[in-house]
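Structure, as structure tokens:
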């Protein structure tokens with residue numbers, strides 16, 4: 001692996017934020033009925049993967065992808081709660097805890 005630098009962590013953080021934005025735009029697109037939000041979602045996904053590609057220059061792919069996916073899911077869940085009133089049931093909370101535990105395990109491996 002290449003030497004870790006904070007710039008790679010910044011790229012990863014940007015990739016996570018862009019993924020969340022893409023998911024919110026996807027919800028706003030209403031199944032691509034509102035095309036502008038659908039196109040914005042696609043652009044945000046493209047930008048997220050571009051940022052992730054920069055992050056993996058200094059972070060192991062398995063770690064970067066696990067963190068990107070895990071934090072993206074957790075933050076999208078929070079965005080759904082705040083913006084759309086979506087709530088998790090007990091199984092959903094258990095799944096989120098397991099997801100976070102898995103991210104920690106991958107990072108420590």
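Each Cβ is built from the backbone N, Cα and C atoms, and glycine gets one as well.
Under the topological domain names given by Swiss-Prot, residue 5 lies on the same membrane side as residue 63.
Using a Cβ-Cβ cut-off under 8 Å and counting only residues 6 or more beyond its ends in the same chain, the topological domain 'Cytoplasmic' (27-35) has close neighbours at 41, 80, 83-84. Tertiary proximity for the transmembrane segment (88-108) is limited to same-chain residues at least six positions away from its ends with a CB under 8 Å from its CB atoms, namely 62-63, 66-67, 70-71, 73-74, 77, 81.
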